[in-house]
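What Swiss-Prot annotates here:
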BINDING   44  cyanopindolol binding site
DISULFID  25-31  disulfide bond
TOPO_DOM  13-38  topological domain 'Extracellular'
TOPO_DOM  65-73  topological domain 'Cytoplasmic'
TRANSMEM  1-12  transmembrane segment
TRANSMEM  39-64  transmembrane segment
């Protein structure tokens, strides 16, 4: 999942913002800023962080409940 979120959009230039500041930076080889568009930043954050967070919390909750059942037996 991380490879798809990171490499594919960057290679396909889906991350590029279209404002003037971003265009100047893209054309300047000395500019080191990574200017992204908002949709890419949100989608990347959700897929890379929030989806795994929810899955992990769900799995840990199930493990915790099962551990509580085992203690009661």
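Every residue gets a Cβ built from N, Cα and C, even glycine.
Here the features listed in Swiss-Prot are painted onto the structure.
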residue: 25; record: disulfide bond; Cβ neighbours (10 Å): 16
residue: 31; record: disulfide bond; Cβ neighbours (10 Å): 13
residue: 44; record: cyanopindolol binding site; Cβ neighbours (10 Å): 18
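Straight-line distance linking the Cα atoms of residue 44 (cyanopindolol binding site) and residue 25 (disulfide bond), rounded to a whole number, equals 21 Å. When Cβ-Cβ distances below 8 Å are used as the criterion, the transmembrane segment (1-12) is approached by residues 40, 43-44, 47-48, 52 of the same chain, each at least six residues removed from its ends.
As a summary of secondary structure, the topological domain 'Extracellular' (13-38) carries 9 helix, 2 strand, 15 coil according to DSSP. For the recorded site, residue 44 (cyanopindolol binding site), the DSSP three-state label reads helix.
Remote same-chain partners of the topological domain 'Extracellular' (13-38), defined as residues 6 or more beyond its termini with a Cβ less than 8 Å from a stretch Cβ, comprise 44. Through the fold, the topological domain 'Cytoplasmic' (65-73) approaches none of its own chain's residues that are at least 6 residues removed from its boundaries at a Cβ separation under 8 Å.
Each residue in the topological domain 'Cytoplasmic' (65-73) gets a DSSP state, and the totals come to 8 helix, 0 strand, 1 coil.
Note on the topological domain 'Extracellular' (13-38): its mean pLDDT in the predicted model is 79.
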